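Undergrad: If you scroll down you'll find the structure; I have some questions about it.
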Amino acid sequence: MARAKIALIGAGQIGGTLALLAGLKELGDVVLFDVAEGIPQGKGLDIAEASPVLGFDAKLVGTNGYEAIEGADVVIVTAGVPRKPGMSRSDLLDINLKVMGQVGAGIKQYAPNAFVICITNPLDAMVWALQKACGLPVEKVVGMAGVLDSARFRYFLADEFNVSVEDVTAFVLGGHGDDMVPLVRYSGVAGIPLPDLVKMGWTTQEKVDSIVERTRKGGGEIVNLLKTGSAFYAPAASAIEMATSYLRDKKRLLPCAAFLTGQYGIDGLYLGVPVIIGAKGVERIVEIELDSSEQAMLDKSIASVQELVAECKKIVPSLGA
Ligand code: A3D
């Protein structure tokens, strides 16, 4: 069977890491696209030159032309600019909405059958705009945030309990921002829920609360340390997990920004919820029961996403049509 084709739109920090991970996992051939000349070509060649040492077979090419993504099975989008000092949220939205418009047109023309994963921030609004721009079915366009946020939560919990990260499961719902909703009741170690682990004396409620808070601010913690950029290893690994579930029809249950059509009482908005990803894309949106405090946190998160999308519609009125 021919290798899958993975197109990476944006060959910056995350894009380069995605290319390396896709190679290491032999997910398929990789096309790196960027508007910056030389960067995608250089990164593609550098990773290809690592392949004999690392022992993987994949073609990696860099390009500044969308035609090279033709027929891609998976497209992962990281194109955009980060928020710089002095730039308002509207300025950032304005620029990245334009980028989503260009990227969406490229996908529409050359990769209309792809499974599209958006990573560009502000995530919940950008994935919404990208779906509008490319016109692909909503089940084929998702946003990556929940896998990363849950991975951070899992790592902090594994560290607290001194257990393998593999045995820690954790759930984070809602938009990708400080008001995301880490779900304590649905998180735990090898099936033992966190509230039980508190009762068993493995940790304290205060410690769990501080881990929840650290998870919410996980992106900012890395930005403060790096000073010149944001996280890229864990975001790339998270998107690769989603792409793998699609390409191998694994039907993983992963928290992703998915388009809701009534689930969780929301219609017409992308929001972080548990979904099953298989060969058809988002094959199922899982509605879990929330208690009143979890629902209140989710409502707050929904309101932030709604506000962001309303701002996008103001900037590009045609998106509201
Ligand atoms: P960076 O290293 O700046 O890479 C972005 C790349 O996009 C650069 O190489 C640009 O040249 C390129 N680019 C700009 N405009 C276009 C365009 N019109 N078409 C194609 N390429 C273009 O950033 P990064 O890789 O560190 O991060 C990428 C995005 O992911 C940013 O928006 C981050 O905020 C976001 N991000 C999201 C998460 C989530 O969990 C959702 C986590 C971390 C980063």
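Using the three backbone atoms N, Cα and C, a Cβ is placed for every residue, glycine included.
Automated prediction, rather than curation, is the source of TrEMBL annotations.
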Undergrad: With Arg83, Arg89, Arg152 listed by TrEMBL as binding substrate, identify the candidate in Asn113, Asn121 belonging to that site.
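TA: TrEMBL names Asn121 for this substrate site.
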Undergrad: Say TrEMBL lists Gly10, Ala11, Gly12, Gln13, Ile14, Gly15, Asp34, Ile119, Thr120, Asn121 as binding NAD(+): which of Asn96, Asn162 is in the same site, per that record?
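TA: The candidate from Asn96, Asn162 that TrEMBL ties to NAD(+) along with Gly10, Ala11, Gly12, Gln13, Ile14, Gly15, Asp34, Ile119, Thr120, Asn121 is Asn96.
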Undergrad: Near His176 (active site, proton acceptor), which residues of its chain come within a Cβ-Cβ distance under 8 Å, counting only those 6 or more away in sequence?
TA: Asn121, Pro122, Leu123, Asp124, Gly143, Ala145, Gly146, Asp149, Gly219, Ala257, Gly272
Undergrad: Near Arg83 (substrate binding site), how many other Cβ atoms are within 10 Å of its Cβ?
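TA: Counting Cβ neighbours of Arg83 (substrate binding site) within 10 Å gives 18.
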Undergrad: Including all protein chains displayed, how many Cβ atoms other than that of Gly10 (NAD(+) binding site) lie within 10 Å of its Cβ?
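TA: Cβ-Cβ neighbours of Gly10 (NAD(+) binding site) within 10 Å number 25.
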Undergrad: Using C-alpha atoms, which one of the binding-site residues Gly10, Gly12, Ile14, Asp34 comes nearest to Arg152 (substrate binding site)?
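TA: Going through Gly10, Gly12, Ile14, Asp34 one by one, the Cα closest to that of Arg152 (substrate binding site) is Ile14.
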Undergrad: To the nearest Å, how far is the Cα of Ile119 (NAD(+) binding site) from the Cα of Arg83 (substrate binding site)?
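TA: Between the alpha carbons of Ile119 (NAD(+) binding site) and Arg83 (substrate binding site) there are 15 Å.
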Undergrad: Which residue, out of the binding-site residues Gly12, Arg89, Ile119, Asn121, shows the minimum number of other Cβ atoms inside 10 Å of its Cβ in this structure?
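TA: So among Gly12, Arg89, Ile119, Asn121, the binding-site residues given, the one with the fewest Cβ atoms within 10 Å is Arg89.
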